[in-house]
Amino acid sequence: MSGRVLVGVKRVIDYAVKIRVKPDNSSVVTDGVKHSMNPFCEIAVEEAVKLKEKKLIKEVVAVSCGPQQAQETIRTALAMGADRGIHVEVTGKDYETLGPLQVSKIMAALAKKEDAQLVILGKQAIDDDCNQTGQMTAALLDWPQGTFASEVSFDGDKIKVVREIDGGLETIKIKTPAVVTADLRLNTPRYATLPNIMKAKKKKIANVKPADLGVDLTSRLEVVRVDEPPQRQAGVKVETVDDLVGKLKEAGTV
Amino acid sequence: FYCCGWLINFYMSYVITFLSSLMFVLQAEVFPYPEIGNEEVEEINQLVAPVERFFTEEVDSAKIDREAKIPPETLNGLKELGLFGIMVPEEYGGLGLSNTMYARLAEIISLDGSIAVTLAAHQAIGLKGILIAGNEAQKQKYLPKLASGEHIAAFCLTEPGSGSDAASIQTRATLSEDGKQYLLSGSKIWISNGAIADVMTVFARTEVDVDGVKKDKISAFIVERAYGGITSGKAEDKLGIRGSNTCEVSFDNVPVPVENVIGEVGSGFKVAMNILNSGRFSMGSSSAGMIKKLIELTAEYAATRKQFNKSLSEFGMIQEKFAMMALNAFVMESMAYLTAGMMDRPGLPDCSLEAAMVKVFSSEGGWICVSEALQVLGGLGYTKDYPYERYVRDCRILPIFEGTNEILRMYIALTGMQYAGKALTGKIKEMKKGNIGMVFGVVGKKLKSSLGGSVDYGLTGKDGVVHPSLAESAKKFEQNVSHVGSTVESLLYRYGKTIVDEQLILKRVADVMINLYAMTAVLSRASRSISIGLRNHDHEVLLANTFCSDAFFKNNYLMTQLQKHSPENNDANIKKIAREVLENRAYICSHPLERTF
């Protein structure tokens with residue numbers, strides 16, 4: 001086995017920012033807004049780096065798809081301990097319509113090209129909340145998948161994944177090569193310390209175009225309109241339980 | 001008239017020397033606004049992100065203030081982030097960042113006053129001596145552990161009897177018989193990191209031989225707590241920056257190896273001044289960072305809080321506060337990064353005058369802004385449930401430490417005037433003899449300039465360095481500069497050397513100079529922003545023009561007060577009042593309710 005792990009990292013609007021919709025309702029405002037690495041991608045990077053520190057794998061490669069600024073996100077992954085980066089350049093209209101289908105095609109192509117043993121992704125991105133890229137990537141590669149992972153360990157030539165599901169925790173064993181998506185409780189990502197950021201400057205980021213990977217970026221989706229969530233209406237206070245039941249009946253919910 | 005002509009030229013040449021040194025130096029170094037490369041911008045953004053995150057998520061400022069202590073986990077986090085060796089070169093284990101980058105990080109670190117002062121005491125002054133004046137052996141020995149934070153540094157200059165008057169310190173270091181070590185004895189007070197420092201830069205009097213005569217001169221020493229004989233007093237219970245440790249440090253015959261003298265024996269005072277001068281500029285960016293944060297917090301409140309059926313943000317007096325905060329942040333940023341950019345130029349340029357101006361403006365501007373921010377919140381701002389009162393308490397130290405603003409104003413005024421002063425010194429006695437020709441000379445020159453010979457120093461116009469939308473402000477600036485030239489010259493003529501004792505005069509000169517530097521900084525920065533099309537550059541032009549207009553009128557008023565027999569100048573009365581109060585050490589008026597009959 002190559003001992004190589006591919007980690008996908010996405011540049012998203014920072015979780016603390018107050019999102020505003022553009023006046024033409026076409027999308028959200030991104031200009032001049034603070035961006036950072038998707039929190040679940042951070043957890044994915046942390047897991048990969050941990051595996052390397054335990055000497056269970058040999059190399060961590062961070063991948064990001066997007067315009068020039070995606071390199072900042074890759075640099076953060078390098079500062080956390082990834083060995084090298086791959087920047088898949090996607091700009092303009094292609095970037096606006098870039099979604100899980102396209103990214104999973106890219107990840108699948110890279111996984112084959114880099115002879116990866118494991119692909120770790122965040123379970124979902126906090127901007128589109130799709131929760132699809134990991135699953136699609138595994139399907140395209142015809143690899144097993146361990147999604148919503150809260151624990152990952154190596155068991156011989158297999159990987160044991162504890163998954164967080166609605167009913168509780170499910171433990172599965174999957175063969176490698178495989179795709180794993182990281183859930184919240186998998187680990188606590190380390191801070192990229194300033195000395196590590198300086199060291200990361202020396203690490204390489206390769207530049208690749210989707211065409212080089214033979215990937216077609218055409219989207220099957222069209223965003224028609226973006227709206228803010230409806231304003232929260234004020235509630236009503238009632239005096240007694242009977243009043244409450246009465247009001248619920250009025251609203252037709254009981 | 002030949003006599004007058006000569007005298008007119010005589011005066012003109014000195015005024016021109018002063019003005020040209022002000023204008024030419026300013027032009028060549030401050031336009032265009034300092035740029036850093038693309039790579040550096042990316043690097044700064046990379047470095048800023050984790051630090052910002054750490055401060056938002058892991059730093060509990062309220063707890064640090066309440067318990068008057070920075071928790072060890074937080075201190076460790078700061079060490080791991082690399083924040084203890086920001087400017088220490090990489091070869092000694094630091095981050096090797098420039099002054100500009102240091103200023104950028106200071107914007108975030110200032111979110112917690114106690115942490116900011118702890119880190120600054122450690123690296124901006126504590127270990128700075130080794131960095132700028134230490135020899136290779138000292139750097140190799142001490143910098144690596146200081147950069148990683150394994151050792152913490154402190155700067156020990158101030159004593160109970162020597163604060164602003166630093167040259168009067170009494171701590172003494174006597175050379176041992178065998179010439180191998182000094183024995184250091186004395187007491188220092190107000191030492192930041194005093195109780196936790198492992199390595200201290202200590203200043204003491206040493207006996208040196210100057211041409212066969214034994215004299216007392218100050219030397220700088222690297223002193224390790226491990227040498228023994230060092231005791232730290234109890235931590236001071238302070239109004240603000242309560243998490244930063246401040247205490248007395250006493251030295252009782254502490255043996256210090258001769259190899260630990262920083263620089264030459266006897267050069268300690270200069271080392272101390274260089275250290276202090278090099279750290280000051282960052283107060284501009286740290287104050288700006290804090291004000292920017294306060295604007296966000298208070299704007300949220302002003303937009304949502306309603307009274308008389310309107311949100312607070314619709315009322316003029318509230319709006320004024322936000323404009324003031326924005327203007328202050330803009331000016332402080334502009335000055336700080338201009339100064340840092342100049343300091344980063346090769347050749348170690350001396351920017352001590354500019355740094356002092358940044359410090360005075362930022363400390364006082366910061367103090368006013370935090371107070372007004374608290375005012376926006378009204379009663380809520382006054383409670384400990386909100387951070388505003390802590391910001392107010394933390395900010396109060398700014399005009400006091402790193403050189404009191406009173407001392408710095410003296411420095412600014414006297415240094416700024418020294419060009420004209422040097423030239424005029426010898427001639428003052430002659431001038432005061434009352435030679436009629438001299439009077440003609442002065443009158444003649446004043447007539448010439450007041451007849452409206454228009455002032456043009458090349459800032460605007462075809463080959464000007466200032467963008468046309470700032471042309472009016474630039475013209476106001478040029479007018480002020482010309483006016484200050486003649487004002488300074490007439491002051492020197494009037495007072496001669498005794499001007500060093502005229503604090504109220506020097507204060508006004510300093511204020512004008514600070515305003516001028518501030519105007520330069522905003523004109524330069526805004527010009528660049530327009531030229532390269534930065535986002536919201538129109539707002540910058542608005543801020544720059546507003547500030548310059550305001551500063552222009554303030555400067556004119558200050559200079560009016562500096563004219564001979566100016567009716568706007570109440571100094572004589574002020575001094576009289578002060579004298580009568582201080583003689584009696586009390587307010588001396590009879591009580592208004594007293595009777596004499």
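Cβ atoms are placed via backbone N, Cα and C, with glycine included.
Taken verbatim from TrEMBL:
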type	residues	note
DOMAIN	B:42-150	domain 'Acyl-CoA dehydrogenase/oxidase N-terminal'
DOMAIN	B:154-254	domain 'Acyl-CoA oxidase/dehydrogenase middle'
DOMAIN	B:266-413	domain 'Acyl-CoA dehydrogenase/oxidase C-terminal'
DOMAIN	B:468-586	domain 'ACAD9/ACADV-like C-terminal'
TRANSMEM	B:6-26	transmembrane segment
DSSP composition of the domain 'Acyl-CoA oxidase/dehydrogenase middle' (B:154-254), residue counts helix/strand/coil, works out to 6 helix, 57 strand, 38 coil
When DSSP states are grouped into helix, strand and coil, how many residues of the domain 'Acyl-CoA dehydrogenase/oxidase C-terminal' (B:266-413) land in each?
114 helix, 4 strand, 30 coil
Could you tell me how many residues in the domain 'Acyl-CoA dehydrogenase/oxidase N-terminal' (B:42-150) are helical, how many are strand and how many are coil under DSSP?
80 helix, 0 strand, 29 coil
Residue counts (helix, strand, coil, in that order) that DSSP gives for the domain 'ACAD9/ACADV-like C-terminal' (B:468-586):
103 helix, 0 strand, 16 coil
